[in-house]
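A.B. asks: Can you keep this structure in mind? I'll have questions shortly.
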Amino acid sequence: MATSFGLAQFIVARVVLGLGTGGYVATVPVWQAEISQAGKRGAHVVTDGIFIGAGITISLWIDFGFYFVTGNSVSWRFPLAFQIVLSLMVMAFIIFFPESPRWLIKRNRTEEAREILAALADLDPDDESITLAVRDIERSLALSGSGSWKDMLSMGEQRLFHRTVLAAAGQMFQQMCGINLITFYATTIFQQYLGLDAIPSRILAAAMCLTQPLGGFLAFFTIDRLGRRVLMLWSAVGMSASMAILAGTTSRSNDTAALVVAVVFLFVFEFIFTVGYSGLTFLYATEVAPLQLRAAISAVSTAAVWTFNFLLAEVTPVGFDTIGYQYYIIFAVLNAVIVPIVYFFFPETNGRSLEEIDEIFLQSKSVFDPPRLARTLPRMHLAEVVDDPEEVADAKVGKS
C-alpha cells in the first residue's frame, strides 16, 4: 500500500493485508489460550487488548505528526510503511515460540506435547500432573469427534452450535457496544459535534486512545481474580451509562460545561471498553470452543468482529447526520441489553482448564445450564473421572 501509485494496487494490497490480519487475529488468541495455565490464561490473552490499544495510539500519533506534512505523498506513505517494522518483528520472534501442546496431541505427537507442557509448568515431563493434563486433552479430543466445519452447525453432545453462538455473540458485543463509532470518528466528533478546532481535535483523539492500554493493564491484573463475567457485566453497565451521558451532554450544543463532560466521558468509555471487551472477547471465544474446532470457531468469531466493525463504520456517519446526539441512545440501549444476555447465558470460565470447560457444556441440557454448572461443577482433572485409561482409546474408536 505504501508504494501504491494507483487505486487498483492499493485495493489489492489492502485485501492481502486484511486476509493476513484476519488469520493472525484468529490464531493468536487460540495459541495463547492453549499454552497458558488455567489460573493465568485470562491475563495472558487479555494482553491483546493492551497491544491493540497501544497500536491504535501509536498510529494516531504518527498520523497527527504527518498531518502537518502537506503537498507530499510521504504524509500517507510513511504511516502505512511503518507497519512493516512490526510485521518483521513478529516474523523474527515467532520461530522461538513453542507449538501448542493441544495441537501436537491432536496430531499424535504426544511426547513433544508432554515436553512443552512440562516446560510451561516448570515440571518434569514424567510428573503426574503432566500425565493427567495429557489424558485430559486426549479425552477431550476423543469426545469432540472429527472437527469438521459443518459440526459447528449441529448441537450434539458437546453443544457445538451453542458454543459457536456464544463465541460469536461475545465478539459481536465487542463492536455493537459502540467502541468504533468513538475510535473511528473521534476527530470528527471533537471537531464537528463538540466545536473544537482541527489540531486540538486530533490531539484529543490520539490522547483518548491512551486510555486503552491503561484499561488493558487493569484487565490484566483483575481478570483472573474477578472472572470474565464480572468484567463483561460491569463494563457493559459502565458503557451504557457513558453513552447515555454523551447523549445528554451533546444535546446541548451551546453549553460549554456539558461539552467538557462529553469529552471526559468519551475518555471514560474508551477505558471501560478495554477493561471488559477489548481482549476479553477473544479470550472467551477460545475458551468456550472445543479443541477440535477451536481454530474454526475462533475464525468465525473473528469474522463477526470484522463484519460488525464494517457495519458500524458505514452506518455511523449516516446515524450522526440523521439523528445527531440521539445516535448515542441506541448504543446506551444496546449495552444495557448485553447485561442480561451475559448474566443468563455466558458461563464463568475463570480458573477452569479448557477441558473442564468442555465438561461444563457436555453436562448441559439447555442454553441456561452452563452458567449454573460453571458455579457448581467441582474443579478436577477430567482424566480422574475415567475409570479405565483404555476408555479414552475406546472413545476414540467410537468417534472414528
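Here, residue 1 is simply the first one shown, and the rest follow in order.
Quick reminder: no glycine exception, Cβ is built from N, Cα and C everywhere.
For 1-350, the entry in TrEMBL reads domain 'Major facilitator superfamily (MFS) profile'. The transmembrane segment annotation in TrEMBL covers 6-31, 43-68, 80-97, 160-183, 203-223, 230-251, 257-283, 295-313, 325-346.
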A.B. asks: Mind looking up the mean pLDDT for the domain 'Major facilitator superfamily (MFS) profile' (1-350) in the predicted model?
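C.D. replies: Residues in the domain 'Major facilitator superfamily (MFS) profile' (1-350) carry a mean pLDDT of 88 in this prediction.
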A.B. asks: Decide whether the stretches the transmembrane segment (295-313) and the transmembrane segment (160-183) have at least 3 CB pairs under 8 angstroms, with pairs required to be 6 or more apart in sequence.
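C.D. replies: Answer yes, regions in contact.
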A.B. asks: Any contact between the transmembrane segment (325-346) and the transmembrane segment (160-183), i.e. 3 or more CB pairs below 8 Å with pairs at least 6 residues apart?
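C.D. replies: Between the transmembrane segment (325-346) and the transmembrane segment (160-183), contact is present.
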A.B. asks: Within the same chain, where does the transmembrane segment (160-183) have neighbours whose Cβ lies under 8 angstroms from its own Cβ atoms, ignoring anything closer than 6 residues to its ends? I mean 6 or more beyond.
C.D. replies: 56, 151-154, 189, 208-209, 232, 236, 239, 243, 266, 269-270, 273, 277-278, 280-282, 284-285, 288-290, 293, 297-298, 300-302, 304-305, 308-309, 311-313, 316, 319, 327-328, 331, 334-335, 338, 341-342, 345-346, 361, 364, 367
A.B. asks: Which residues of the same chain, at least 6 past either end of the transmembrane segment (203-223), have a Cβ under 8 Å from a Cβ in it?
C.D. replies: 42-43, 46-47, 49-54, 56-57, 60-61, 63-64, 182-183, 186-187, 190, 196, 231, 263, 266-267, 270-276, 278-280, 283, 350
